[in-house]
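Enquirer: Just dropping this structure here.
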Amino acid sequence: MSSGDGASQSSSKKSKKPTYSRFTQQELPAFKPILTPGLIMAAFVFLGITFIPIGLSHLSASDNVVQLVDRYDEDCIPTYNSNPEEAHNKRIQYIRDASTNKTCVRTLIVPKKMRHPIFVYYQLDDFYQNHRRYVKSRNDEQYRNPSAERKTANCEPEAVNDDHEPIVPCGLIAWSLFNDTYSLLRNDVPLPINKKDIAWQSDKTHKFGSNVYPKNFQSRSLIGGATLNESIPLNQQDDLLVWMRTAALPSFRKLYGRIETDLEANEVIKVVIQNNYNTYTFNGKKKFVISTTTWIGGKNDFLGKVYITVGGASLFIAIAFISVYLVMPRPLGDPSYLSWNKNPPSN
Amino acid sequence: MAGGRIRAKIRRSHLYTFACHRSHQLEEDETPDIQGPGYSRVVYCNQPHRHEQKPLKYCSNYISTTKYNFLTFFPKAIFEQFRRVANLYFLLAAALSLTPVTPFGPLSMIAPLVFVVGLSMAKEALEDWRRFIQDMKVNLRKASVHKKDGVFVLKPWMKLRVGDVVKVEKDQFFPADLLLLSSSYEDGICYVETMNLDGETNLKVKRALETTLPLDDDPTFKEFSATIRCEDPNPSLYTFVGKLEFDCQVSPLDPSQILLRDSKLRNTAYVYGVVIFTGHDSKVMQNSTKSPSKRSTIEKQMDKIIYVLFSLLVFISLLSSVGFIVKTKVDLPKWWYLQVPDSKGLYNPGKPLQSGFCHLVTALMLYGYLIPISLYVSIEVVKVLQALFINQDIHMYDEETGTPAQARTSNLNEELGQVDTILSDKTGTLTCNQMDFLKCSIAGTAYGTCASDVELAAAKQMVMDLDGQGQNGTPNSLKASGHEFVESEIQLETVVTAKDEEALKPAIKGFSFEDTRLMNGGWFNEPNKDVILLFFRILSLCHTAIPEQNEETGAFTYEAESPDEGAFLVAAREFGFEFCRRTQSSVCVREMYPSYQEPIEREYKVLNLLDFTSKRKRMSVIVRDENGQILLLCKGADSIIFDRLARDGRTYLEDTTKHLNEYGEAGLRTLALAYKKLDEAEYSAWNEEFIKAKTSFGSDREANLERVSDMMERDLILVGATAVEDKLQKGVPQCIDKLAQAGLKIWVLTGDKMETAINIGFACSLLRQGMKQICISTNLDALVQDSKQAAKQDVLSQITNATQMIKLEKDPHAAFALIIDGKTLTHALEDDMKHQFLNLAVECASVICCRVSPKQKALVTRLVKEGTGKITLAIGDGANDVGMIQEADIGVGISGCEGMQAVMASDFAIAQFRFLERLLVVHGHWCYKRIAQMICYFFYKNIAFGLTIFYFEAFAGFSGQSVYDDWYMLLFNVVLTSLPVISLGVFEQDVDSEVCLQFPALYQQGPKNLFFDWQRIFGWMANGLYTSVIIFFLNIIIFYDQAFRAGGQTADMSAVGTAMMTCVIWAVNCQIALTMSHFTWIQHILIWGSVFTWYVFLLVYGEMAYALRVNAFRVLIEVLAPAPIYWSTTLLVTIVCNLPYLAHISFQRLFIPLDHHVIQEIKYYKKDIEDGHMWSRERSKARQKTKIGFTARVDAKIRQLKGKLHKKYSVISSHAIPQQTLH
């Protein structure tokens, strides 16, 4: 009994011994960087001298952008000289009345030469496209697949019309499609706005079906925004596609179209606006924007400024470190900084 | 076996003077009413089947320490999981995610919960399975059980039933609590080792009843039947009340007939017994308490952080709800495009409060990212991996027993780095319970050249120190010669280890004596050879051991009651006085004289044997030699013997006392030997009286016996003294030294005698000469008369006096040691006194509690734990340490020895005490820092991420919309940021293991909690807040209205969300890279791999049809990647987020470095190699100020000698000093 036991024990003993490997013994070769004064200074100086040029290039790119912003919602509605509440109601009445002509002409002067392509945007402020109820109110399968037109989950209350027929495209987002229209006149000559290809390519090819046509759209008593041409498939309705990409913030710009010719400085542009979209109930603003772009996109001074600030701060920190370090240098690995040397035991 | 039978014929009772002559009549009267409540157990011996049916229905001998079984695992484990508040919160969130209020899809809430709970449960199941395997190992041990007709068969322990007759052979454990029926000895005694129960190493004698003695052979059990009536199962180890009805006789039973489970049969060939208590009814199992689940301090503190975060969560949720209510009531009706109210009442301006409440629930779930669900699972994973590393550490593997270290629970890894007090058992933990005969003093001459560790070290140290001073010419500057200290220390270590190796060479266990004056007959030429002869004879005659001859080699081994005795006999054998035979009344010794070739066998008649008791502290034999001369040979504690010397017996007293002091200082266990010659008349007169006392009955019998013995043991003549080294476990003094330098306090709690404990204290350098010992004890005699109150008062006044004394002490080097015994401790641990006691104990450099019961060990542990509020670690090896192991914050068991109870109850198991150093100083230090950094970082990253969601809320009309895709949020914690944290928690090393060991002071960062204090935690939280603000606002401002691409497109919500998420991923991953100081390829892969994974994920996700629903289709390749502004924003935000932290750590490193920073730098510049002096100087300075341990002891000795030196310097030439010290 004992001998058999011993044999089995000794074999089990062997197997119990941890096998040596640098991994199990936690002795893997390791990179142990140390923040030496040189490295610290170098890092901050490096940040400084790279960030400032990057910032400057961003700034100059932003400077090259020419943009024109015109808020027209206040001016394109008749003024009502009554108490504010009544005026507010009258404005809403005006904007909801489909029969009135809401054409409104704005005159803009091009401040600087604008090279094509020049982008035309509409901007809405205080419009919560990011509200959860709004964001959820869509059904992408319906938009993509003609056989799924009855799939209107999440689309309430714009899921079905009064006859319980499904609305295509369903949901609040589509229902509230922006419907102001712009046309431009340069020196009273129409300046065409190209509205092709303003939506993302993937929306056209994947997200919205080429054989899904609008159906029962805006057929309920309450009409939200634009109507859609029922003979054009959804993926050709670029305005809808742009609108369906909900914005992140309550202030947003969306692409309206492109001007394919250059505009010279001091040219006068007339904008003929069909002021249909109701922002008056919630006191939202509407703006017409034309802007050129550069490699950083539209006008964006902020990014460049932050780059320069950070670069400057880095340089400042570097200088601060250097000067403090010059005053009280600490040789690296100086044992006198060890806690037992700093607070020597009292004996 | 044959030898055993021969031996068995000796009537052992003749060897015992007191213990075995019990008067049974007396105890019968004391037996309480056995039929009463609490005494209802009936055992029908040899009829085990009767106990399986009602009304008895005793439990089986199957033991189980598992928490669950197959059926209860699921309900119980799930219940355990959801007792964690966090898990309950997540469960609620998951349930709510099925309702319309949810901001996310249900999958993203349920999947992580299932994952987390599943993983924790899997870990529980694994740990329980291991326990089950361990239980089964015990349950399947085989015992020899009476089947029927006198046939004994082997059965597994678990099949044993009450009433079974079992036969247990030598060195086997008792499978259950047994009633001893008979043994291989005729008079039915047997020896039992109870080390597993109470830690006592000396063997206990158990004695069968007279009536059952005939049952000493297998066939006799054929017809055996008897009935036992006794007490019900209870945890008291030292009491038993019952009676046996056998052969129409009723005999009372007492504890001396009971063999307890988990004790071991020693020195007895076999015993028969009847099973009385099985399984969980047995005393040892009754004593075991459910192992408490322990949580580390960091984890408890983490709970507080979670509360803070939870408050923050509730606060921002309320804020968000209020915002929502206002928006819903005031603005929502105007927002025609939302068409409120909706049918579900979630957006109802008419009932804003109702909607607001729903929103509160939504918000609580949405901001749930502040409380990281993955934190728990990450910590579990990290701890399991850390535990694996502990298990795998080859430096904690014991070659001898073949046991690696084992982290039995992984909950407490980081607690190892914060230990303040170590409570250690002695036997089996500090010592290996083996004695080595090292020195002796005979006739006033000291023999034995083998120096003990301490002597050797101190001498070396002195020589080095003096040399150093001589060269430097600055005798008083310790600093100048600082490096010498260390160099010599290194040499010391090698000297000590070299000695260990040497000690292995002579394979004589228990004997390390070296002196040519005595060895190989050399003693014959000594001037005092008569006395030396007498000395050897005392060694070989005055004992109760039994020789056992090895049949192959013919050599004798001895089975002695205590290891000291064994060592003496081995020593006597080596000196040429081989004890070879014991008969009933005589002892044979083969005496070898240098003048003869052959040994002479002499027989000594043993007339009387006056036993050793802890009260008497001596034992004597009275023998008649071959010439008819009657001799009394006595050995005992020096103080006792010295009091009993005759006037003419004091010749060597002065020299011997001097030697004894030296031995004591060297940590050796000493005994004095003496003799006296008796003439026939004197002896017979005394013997008459002795027999009278022996056969008397009554309560004063013991006192009588003692008085009579005392009469005889007077007027002794001193022969000499012995010094035995209680062999410490390998590396114990060094380990204690290092632990003390790491600032740990070490208490010894032992069941052993005070003298032994003090000796060990010396050997371990917990005590040293010159340390003021405060012995607190109760006067035993007084205890009898005085009331308990008076005794208590006495203890209290002793404690107060000692405290006063310490307060008044001026000398900064003065060290105090508190030594207290178990009896006194019962008073000191009472509620009204324990705080005074604790205050005193904390003031003392070392504390030794002796004669403490297992329960007291636990109580002391609790007192230290609760009284000081510091973290305690208890280490022990036996069942008697279980209580303390369970009570302490961390319990460490010594594995590799036979008993498993301590290991089973422990959190960590190591094979040797010395591994504790590595376990604490290396693994503890690492694990503490890792976990602390990891948790801080975890909160940082979740705050950084979670708050961005909140900010977005404010811009989305508090509607509960998230800017991120559901999948981003799900993957953030699970995939994108979890692996780098885990790598931080598993692989981070501020300094490597060698440096940890070289600079024990680094350990203090843990107990001081430098890395997990509120300042640091809030600092990290503030960093998270800053990061969240930067990430959110920079992204929003950059992207919100302007075109972000040359193509004129503006960014929609998914683009902004993705850009923001990219910044989050980069920022937190760069942050962790800045936090780490140790990058192996694993860290690089995990950190940069996580960032890379994010892009891969975006690519893959962007191609999936699912992404169409959320406008995330091809979000990277079509929308973001072509936009330069996306990349430059990522760069900018990442840098801005990390800049303050970088500045902070740069500033800290440059101007207020912590210890590990400086050491890292020294290592980095290889200064430790270039400037070895500086390195070793710092190493020696890095020790915490301590008054215990080897180095402190050497320092103290040097100080003491320096003092002397100073006085003598002018008088005596300097070379005299080393001589003096080497003495």
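The backbone N, Cα and C atoms fix where each Cβ goes, glycine too.
Bear in mind that TrEMBL entries carry predicted annotations, made automatically and left uncurated.
Straight out of TrEMBL:
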type: DOMAIN; residues: B:43-110; note: domain 'P-type ATPase N-terminal'
type: TRANSMEM; residues: B:85-101; note: transmembrane segment
type: TRANSMEM; residues: B:107-126; note: transmembrane segment
type: TRANSMEM; residues: B:305-326; note: transmembrane segment
type: TRANSMEM; residues: B:353-377; note: transmembrane segment
type: BINDING; residues: B:Asp425, B:Thr427, B:Asp877, B:Asp881; note: Mg(2+) binding site
type: BINDING; residues: B:Asp425, B:Lys426, B:Thr427, B:Glu565, B:Phe612, B:Lys635, B:Arg669, B:Thr750, B:Gly751, B:Asp752, B:Arg851, B:Lys857, B:Asn880, B:Asp881; note: ATP binding site
type: DOMAIN; residues: B:903-1153; note: domain 'P-type ATPase C-terminal'
type: TRANSMEM; residues: B:938-961; note: transmembrane segment
type: TRANSMEM; residues: B:1017-1040; note: transmembrane segment
type: TRANSMEM; residues: B:1055-1074; note: transmembrane segment
type: TRANSMEM; residues: B:1086-1105; note: transmembrane segment
type: TRANSMEM; residues: B:1125-1143; note: transmembrane segment
Enquirer: Test the contact criterion for the transmembrane segment (B:1017-1040) and the transmembrane segment (B:85-101): 3 or more CB pairs under 8 Å, pairs 6 or more apart in sequence, then answer yes or no.
Expert: no
Enquirer: Whole-number Å distance between the CA of B:Asp877 (Mg(2+) binding site) and the CA of B:Arg669 (ATP binding site)?
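Expert: The Cα atom of B:Asp877 (Mg(2+) binding site) is 22 Å away from the Cα atom of B:Arg669 (ATP binding site).
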Enquirer: Counting across all protein chains shown, how many other Cβ atoms sit within 10 Å of the Cβ of B:Thr427 (Mg(2+) binding site)?
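Expert: Neighbour count, Cβ to Cβ under the 10 Å cut-off: 24.
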Enquirer: Around the C-beta of B:Phe612 (ATP binding site), how many further C-beta atoms are within 10 angstroms, looking at every protein chain?
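Expert: The answer is 20 other Cβ atoms.
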Enquirer: Quick one: of the binding-site residues B:Asp425, B:Thr427, B:Asp881, which has its CA closest to the CA of B:Arg669 (ATP binding site)?
Expert: B:Thr427
Enquirer: Within 10 Å of the Cβ of B:Asp425 (Mg(2+) binding site), how many other Cβ atoms are there?
Expert: 30
Enquirer: I'd like to confirm something. Which of the binding-site residues, B:Phe612, B:Gly751, B:Arg851, has a Cα closest to the Cα of B:Asp881 (Mg(2+) binding site)?
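Expert: Nearest in space to B:Asp881 (Mg(2+) binding site), counting only the binding-site residues, is B:Gly751.
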Enquirer: State which of the following binding-site residues has the fewest other Cβ atoms within 10 Å around its Cβ: B:Asp877, B:Asp881.
Expert: B:Asp877
Enquirer: Tell me the residue counts in helix, strand and coil for the domain 'P-type ATPase N-terminal' (B:43-110), as DSSP assigns them.
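Expert: Per-class counts: 30 helix, 3 strand, 35 coil.
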Enquirer: What is the Cβ neighbour count of B:Arg669 (ATP binding site) at a 10 Å cut-off, with all protein chains included?
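Expert: B:Arg669 (ATP binding site) is surrounded by 23 other Cβ atoms within 10 Å.
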Enquirer: In angstrom units, rounded to an integer, how far apart are the Cα atoms of B:Thr427 (Mg(2+) binding site) and B:Asn880 (ATP binding site)?
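Expert: Pair distance, Cα basis, whole Å: 11 Å.
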Enquirer: Please classify the secondary structure at B:Thr427 (Mg(2+) binding site) using three-state DSSP.
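Expert: Assignment for B:Thr427 (Mg(2+) binding site) reads strand.
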Enquirer: For the domain 'P-type ATPase C-terminal' (B:903-1153), what is the mean per-residue pLDDT, to the nearest integer?
Expert: 90
